[in-house]
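Listed features, source Swiss-Prot:
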MOD_RES   LYS5  N6-acetyllysine
MOD_RES   ARG12  omega-N-methylarginine
COMPBIAS  35-52  compositional bias 'Low complexity'
MOD_RES   SER58  phosphoserine
MOD_RES   SER96  phosphoserine
MOD_RES   SER104  phosphoserine
MOD_RES   SER109  phosphoserine
MOD_RES   SER111  phosphoserine
MOD_RES   SER185  phosphoserine
MOTIF     253-281  motif 'Q motif'
MOD_RES   SER754  phosphoserine
COMPBIAS  820-920  compositional bias 'Basic and acidic residues'
Amino acid sequence: MNWNKGGPGTKRGFGFGGFAISAGKKEEPKLPQQSHSAFGATSSSSGFGKSAPPQLPSFYKIGSKRANFDEENAYFEDEEEDSSNVDLPYIPAENSPTRQQFHSKPVDSDSDDDPLEAFMAEVEDQAARDMKRLEEKDKERKNVKGIRDDIEEEDDQEAYFRYMAENPTAGVVQEEEEDNLEYDSDGNPIAPTKKIIDPLPPIDHSEIDYPPFEKNFYNEHEEITNLTPQQLIDLRHKLNLRVSGAAPPRPGSSFAHFGFDEQLMHQIRKSEYTQPTPIQCQGVPVALSGRDMIGIAKTGSGKTAAFIWPMLIHIMDQKELEPGDGPIAVIVCPTRELCQQIHAECKRFGKAYNLRSVAVYGGGSMWEQAKALQEGAEIVVCTPGRLIDHVKKKATNLQRVSYLVFDEADRMFDMGFEYQVRSIASHVRPDRQTLLFSATFRKKIEKLARDILIDPIRVVQGDIGEANEDVTQIVEILHSGPSKWNWLTRRLVEFTSSGSVLLFVTKKANAEELANNLKQEGHNLGLLHGDMDQSERNKVISDFKKKDIPVLVATDVAARGLDIPSIKTVINYDVARDIDTHTHRIGRTGRAGEKGVAYTLLTPKDSNFAGDLVRNLEGANQHVSKELLDLAMQNAWFRKSRFKGGKGKKLNIGGGGLGYRERPGLGSENMDRGNNNVMSNYEAYKPSTGAMGDRLTAMKAAFQSQYKSHFVAASLSNQKAGSSAAGASGWTSAGSLNSVPTNSAQQGHNSPDSPVTSAAKGIPGFGNTGNISGAPVTYPSAGAQGVNNTASGNNSREGTGGSNGKRERYTENRGSSRHSHGETGNRHSDSPRHGDGGRHGDGYRHPESSSRHTDGHRHGENRHGGSAGRHGENRGANDGRNGESRKEAFNRESKMEPKMEPKVDSSKMDKVDSKTDKTADGFAVPEPPKRKKSRWDS
């Protein structure tokens, strides 16, 4: 073959000078071995050094395209490069001056020849090996006759399968690999999580000094207390509820049974709730009692509100967050959509107490979430992974958390969040209150509940998670081991008469000993333990199923998975190693709808297991004997973690809570500082930042809630007076005092905590009529009407008949008569007003309005010609803050009333009032400054 094509005496490499394989020839040109000898030696492992560069074949040049030996097998064709566009490097001729300069370059020059040569040596070595492999394949293919290349060659699909066989992990991200895949009901694998977040490191709670907190706020309503046991069963049956656990609270059937205060009830009514859902009827009393709960209900059953409402009350009892504090309540849910939904509910109900909520979930801005957490929020709604990220980055901490909720726990387990959920629970203080909600109650959820809940109450709504109540558990407490043998021999014949008996022992040696002893007593029985051959075990199980042997003595390992419906009695001769094993043991009976009995024999040394057994019995709605409970109480950890019974804490006694916000309605009877009014929390708690921080917004919210909560139609006020709080307070639709009959008015004004005075005292700068005390009276509904109604209220209290006349006179003379009435109110009730200012400490709460009850300051504020100030005094006159001052005001007005004739001219009354203002009224009050002449004087 001519290798010198293209020019005389010039050696050319492959791929140059027209070398091609003609398609028509039968004999394909073979690649002779000696044709590679020219460069085969140079392509040894020693590489191509600087000593012999001319021997480099042209297709091994840097950046050049390798030769295409076979068009059908373009093995080394590089499709990304085009040989026509590649600039080949310049290599000077041998013995040329340029070549000599190239060799004479110093070693430490800036050129990068050394790394390049090392790399090229490796590339050329690999290329030489590939060339040899290609030649061998060509030889093998040429030697085989009658084989079609198009069939034998590897196509795309075969290449893909070969590649996947060689690289089983190709394309699989390492984080997505899961050893244990979960499968859904159809048998399809559930996709694992996209990202595994390392759980939080373990924490030693004994080194942290946690402040105590209160969990129990539930006081049972008398209607629920009076229910008989049968009525209670009927109520739960009507609500389709099944409740199990130690001493569960009775369910309520209306919102009145929960004892919520007016702020929260206002938001509940606003959310269009008419009555609680079944899960709320039982779940809210459980959560208010401070008990741990497992709630099993379908989506849409109202379980979200069932843990949000008690959460708000739980938070309100604790002290306010300080800078750097973490949340008080944490709600963990599986998906960001559910997280946003629960966050919206928390915001809706939390604004009743100005509580802040933050949603923390994957996919949201990490920086914004961290900023919101650092500003402080009482409630955090989160997904597990993102909360762990924030805790690791010190954006928040879990030290203040005392209310922990896991919503849709089964979905979190399906998504692979088990370790994260457990690490979050382990980072929260051990004496927390934990609520677990799930749509199903699989074994994993049951195990989690046992690990993170203490004495939980299980509330099942609907037909989900049907508890197996076919097994009756009986616990026998015996003095010693021999007592067990006596008990067994005495009762075994009785048990075998009703069906097959399965005896459990813990160890193999004990099983053999017990079986031998029973055989000596004449009992026909079988033995089953882990060291037996499979054939022997199969024969024993077969005989037991056929009822050839009525008694079977077995260990735990051998008995797992036994499904024999004829077993009527299970006897735990030795207690199980743990409660899981115990559950498996007793599950051997009561199968396929058959009833069964499980006996457990305990001795005094089994106190550790007794605690677990008590909780297992309570969870299965089984009777717990006093002897068993006493034995369990000998165990220190059970005694310490056991729930405490008793009545719930009555809130608002002596203040307390976030910013000492008053909480009327939760059993509050006597209050030292708080005032029983709906709006008091707006006054007491103002966040430093946020929408509710400024006073104008607080006043708007106060007015809105005041009008909506205390609306009473004017025509119905006389009928409802004294029968309801709103009627007794005499509020009209405008928020001002209404004219009420004598008895009810006197009763309302003499009671220590009248809703009128309390509602008026709720907001700084508000008088009894619902107006701002320092503002001019320009609204007829809240100003003039308030004055007229107040006057008529005074007349009705004094017992005179001048009510109609006065109201008529004030209504006709809107100008001067209003002014004179303000002076009269000042004259009549200076004394009680000054006493109130010192006693009730309004100045303590709001220094800017502390002198609202001082006479001099009030007169000094007559920027509007004295009108506003005097009307404010009139309001102050009616606002007797306690029993004494009201009586003083009442007596004083009774004495002064004969001097006030209904038809006195307003100008004369003005003069009289101006004189009486200057007289001493028994208090060391500074002389009021001279009043400027106002337009009312004319």
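Glycine too: its Cβ is placed from the backbone N, Cα and C atoms.
Taken together, the residues in the motif 'Q motif' (253-281) have a mean pLDDT of 90 on the 0 to 100 scale. If you draw a 10 Å sphere around the CB of SER96 (phosphoserine), it holds 10 other CB atoms from the protein chains shown. Note on the motif 'Q motif' (253-281): DSSP counts are 17 helix, 0 strand, 12 coil. DSSP assigns SER96 (phosphoserine) to coil, not to a helix or a strand.
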